[in-house]
Structure formats: C-alpha cells, structure tokens
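Student: Per TrEMBL, the features are:
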- Asp479, Asn506, Gly508: Mg(2+) binding site (BINDING)
- 29-134: domain 'Thiamine pyrophosphate enzyme N-terminal TPP-binding' (DOMAIN)
- 227-344: domain 'Thiamine pyrophosphate enzyme central' (DOMAIN)
- 448-573: domain 'Thiamine pyrophosphate enzyme TPP-binding' (DOMAIN)
Amino acid sequence: MGSHIELGTSLHPCSNSSPLHPIASNSATLGRHLARRLVQVGVKDVFSVPGDFNLCLLDHLIAEPELSLVGCCNELNAGYAADGYARAKGVGACVVTFTVGGLSVINAIAGAYSEDLPVICIVGGPNSNDYGTNRILHHTIGLPDFSQELRCLQTVTCFQAVVNNLDDAHELIDTAISTALKESKAVYISISCNLPAVPHPTFTEEPVPFYLAPRLDQQSNGLEAAVEATAEFLNKAVKPVIVGGPRLRVCKAQQAFVELADASGYAISVMPSGKGLIPEHHRHFIGTYWGAVSSSFCGEIVESADAYVFVGPMFNDYSSVGYSLLIKKENAVIVQPNRVTVGNGPSFGCVYMADFLTALASKLKKNTTAMENYQRIFVPHGIPLKREINEPLRVNILFKHIQEMLSGDTAVIAETGDSWFNCQKLHLPENCGLNFNLSMILPRYEFQMQYGSIGWSVGATLGYSQAAKHKRVIACIGDGSFQVTAQDVSTMIRCGQKTIIFLINNGGYTIEVEIHDGPYNVIKNWSYTKFVDAIHNGEGKCWTTKVTTEEELIEAISKATGEEKDSFCFIEVLVHKDDTSKELLEWGSRVSAANSRPPNPQ
C-alpha cells in the first residue's frame, strides 16, 4: 500500500479521544459538518489510514464525540472494513489520503459498489490553491494533473464530489451522502487539506437535520398493472416457487418477501448471494438454489417448476454455475428494485419491489404443490459422520461443529473459496438471519459473491464486528485469502473485538485449483497461530490454537465459547490440500468449462 507521512499520536485506533490539537466542538466548519453528517446517517465508526493530506480532517472527525476513528493497517483493509460495516449498519465510511491512499482503496470500493453497499470513500485532497496551477505534488505520478484518483474512482462510484471551494462544499457533501443512501452504492468525496478547519456561512454549528427526499408515489395504475399481469401468470401455474436474491437488501423488501411467501404457500428458496436475507426457519424454506450445486432436493424443485418468481436476483457466471441453470425465461417472473418482467413480456417500470410484493400477496391463490413435492422427495441426512480416534480433521467435520455454534447471537462471514460452499450448507437459526423488530432488516450471514475478492473477509470482519458489537462473529477464512490482508487482525485485537476466526490451512488457493490447477496455486505455509501471537504481543485479549483432529477442535471451540468468550479467538485448522466440498468440485468444473470456451468463428 502507499507510504505516508504518519501522524504521531498515542490515540487508540478505536477511540474518539481528543486530538493533539483540540478543536472547538461548536465550530461551524467543513470538518464538523462532515463529521455530524456521518453521525446523522448512522456512521459511528470511520475506518482510516492517516496521510499528510487528511490529517487536519482526521482531527475534526476525532473531535466529534459520537464518532470513533478506527485506524487500519492499510487502505485496502479500511475499505473492506467500511464494506463490512455497511452490511451491518446500512452505511459505512473510510478516510484515506490523496492518490496513494485513493488508488490503494479502490479495489475495496469496487467490491462495495458491486454488492450494492453505500460506502462513503473520503479522501484528503491537495491544498485548494494548487488546483489549476502547473505544480507537481508528492503522492502523484509526477504530472501537474491531480485527476488520476478521481478518474479511477469514477468507474466504481455512483457520485463524485471534489471539494476545493467552500462555497459549494455543503451542497457537494450532502449530495454525495444522500446519493450513496438512495442508490445504495459507493460514493467518493475529496476534500482539500486546507479546508476542514475553515468556517463558512453555509455551515451551522449543528447541521440542519439530514433527511432524504421522500420517494415520489408511483403511479397506482403501473403497480396495479404489474400485479394483475403477474397474478394472472402465477395463478395459472401448477407448481410455482419463489427464489430470493441479493437485491432484497437494497430494497429492504425482506418483510414483504415473507408476507408473499406466507400468503402464496409457494416453496421458497434463496440464491447463494441472498443467503441470510430470508428466514431459513420459515416453514416453506427449501434451501439454496444454485443450479447443479443447490441444497439437496432444492434445485430439482425449482428447476422442475412451471413458474418461478425471482425476487432481486443477480445472475452471473458464478451464480449460474457457468451459465448452466435449467431456467426458462418464459416461466420466470423477474422482480428487480424498480422493474417487473413477466415471462417473455410484458415488463413494467417504476414499480418498487416491496410495494409490488405486498400487493401481489393479496392477489395470489394459495398453492402448496411445490412444497408438497419437496416434502415428498426430501430425505433428511440420516447417516452421522464417522471418524477414527485421532483421525486427521476433515472439513465436513469442522463445519458440523461450526453449525452447532450458531445461534441468534452469532453472525457468519465466509471468505471467497471453499468456505462459500461449506457455509452455504449452514442452517441459520432463528434471529441469526433476520430481526423484524428493526426498521432495517439486517442479515447475519455475509459473503462477497459478485466481486469475489480474496482477502475481503479480514477487513469485512473487522468492520462488521465493529458495527454489530452484540453479535459474536464467526469468520471462515482460507489460508491463501488470509495472507492477502492478515495485518488487520491487529486492529481487531486493539478494538477489543470477540470474533472467532477459523483459519482453514490447506496449503493454497483451493478454489482456483478446482477451476484450473497449476503451481501458482500453492503458497508458502505460515505458522498462522504464531503470526497472530506476534501481532497480539501481549496487548489486548487474544487466544490462539492449532487443531489437527476432531478432539482438538471440540476442545478449542469449548474454550473459545467458554473461558475465552471475551477474547479474540484464532483457531488454525489443518486439513488435507484436496479436502474440498463436493459442491466446489462440481462448480469448479462448470466454471472452468465456461472460462475455456473457444473463440467464436470470425
């Protein structure tokens, strides 16, 4: 990551202690306005890496008593942490420095954009007097052009604000934040380093309360037409099903989805990237629909249906298992955030998902045929996993015990890799997935499927744990992914987080092996527990152990959930390099086939 001129301070990275140079808390300055705006939209923790262009801004963020600054080891992890925080809180923020910081954080911001997460990426920019000159600044590529960072981040954010003039700073900041929330996408704000401490008439000591413009009422006839066409289509079907997708989160339509499921009697399933967004204890839930690697008996029910309602789906080569889904467009109703398409047509725009689902629920005839078919063919897992005394630990044994750890007080984060497939098979208990008492329904299961950036989970675990302090986060991370972003375990320990990380050590990039193997998928083995012990260095609560058998695993889990329940716990699990889920083997071969398609004839 970029090197910076560091701010020498003894502040705890998760504190809101006063800066070395106290700032009057009632100053009507740009810095205070930004800090208060972040608090008003729900951000209580900002993830940061200091650099000389953002130091004054950081002083103002620290001076806000309701805001904590969480110092991260690098910008990539700060961005990943803001991503994880947004998953739990609904919005997240990170602060980095000009260009070396902005270009370092870009991969995390791209991931947040792809996953429809409102992340506010704030950069400390050049002195306002340097814009429009022919000067060459440090932290740039050596040209008198300051726009490289902006141009790069334009491609992965939905709004960009370059604040180098106080007259329009108020408007730009407020527009950026409101756009992030309305679009549920990442935004970029650059603030000149000489502006945060300057008062201006457009700022007030206590900013005017922040409200989003109310959504315009949709035309009732448009909604009515969409509902009538869909109801007619579905009421003719013999065995319709419903499949929930990841964009349920953007629309906050989980409650409406459940209302539709209750009213219709249809069997319900979830796309892999939608796991955690609908309650798995629902009486009509049949599992994850993921084509050839679906939950047992779920794929057969969905693909044999004569009508399927996909609510908030995102179809790509990963979610479609190399474009191999046996779904017919003419049998599908596709419900997106603002559009409904019925079969091959018609398509209705400006129809909001939650409103549509609620209205549709009252128009459908009860039809439990698909659910009855599922119950007829379903065979529960009846053969317990067997092993010999002190037999080397297997991954399926590990996840059997992780399943037993889950409760309403836990959350699961799955890293890109085989953990995707093993964690998909975990059954989320009641209250682990949803809490209908909250105004915004929060998932308690997270993974990054669309962007699939290895290493994402370390920073995301940091951010999620900081936002959801009432939950014990269980993160399942492969050794290859961990090596990308391992440093910010340090920040977890310093913040007093009680996360449990299962580090699955199988000697390489297993998911890549199953797509296309080669010597590049083998990595240098670390002594991971000793690595974390070195980071711990006797400061904070941290407990580590290495396990190779089920007996050792049981003992480790008992300790992590017992006497070390208030500590950060790191459990290194040694397994065979070829010990993978059957789903990864199938998925990998199909994705490989899709990747290796020959060029079309020219």
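The backbone N, Cα and C atoms fix where each Cβ goes, glycine too.
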Student: Taking helix as H, G and I and strand as E and B in DSSP, count the residues of the domain 'Thiamine pyrophosphate enzyme N-terminal TPP-binding' (29-134) in helix, strand and coil.
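Tutor: For that range the per-state counts are 53 helix, 22 strand, 31 coil.
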Student: According to DSSP, how is the domain 'Thiamine pyrophosphate enzyme central' (227-344) divided among helix, strand and coil residues?
Tutor: 39 helix, 25 strand, 54 coil
Student: Between the binding-site residues Asp479, Asn506, Gly508, whose Cβ has more other Cβ atoms within 10 Å than any of the rest?
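Tutor: In terms of Cβ crowding, the pick is Asp479.
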Student: Which residues, in sequence order, are found in the same chain with Cβ within 8 Å of the centroid defined by the Cβ atoms of Asp479, Asn506, Gly508 at the Mg(2+) site, excluding those residues themselves?
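Tutor: Counting only non-site residues, the set is Gly478, Gly480, Ile504, Asn505, Gly507, Tyr509, Thr510, Ile523, Lys577.
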Student: What is the number of residues in the domain 'Thiamine pyrophosphate enzyme TPP-binding' (448-573) that are helix, strand and coil, as DSSP sees it?
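Tutor: Within the domain 'Thiamine pyrophosphate enzyme TPP-binding' (448-573) the tally stands at 58 helix, 28 strand, 40 coil.
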Student: Looking at the domain 'Thiamine pyrophosphate enzyme N-terminal TPP-binding' (29-134) alone, can you tell me the average pLDDT?
Tutor: 96
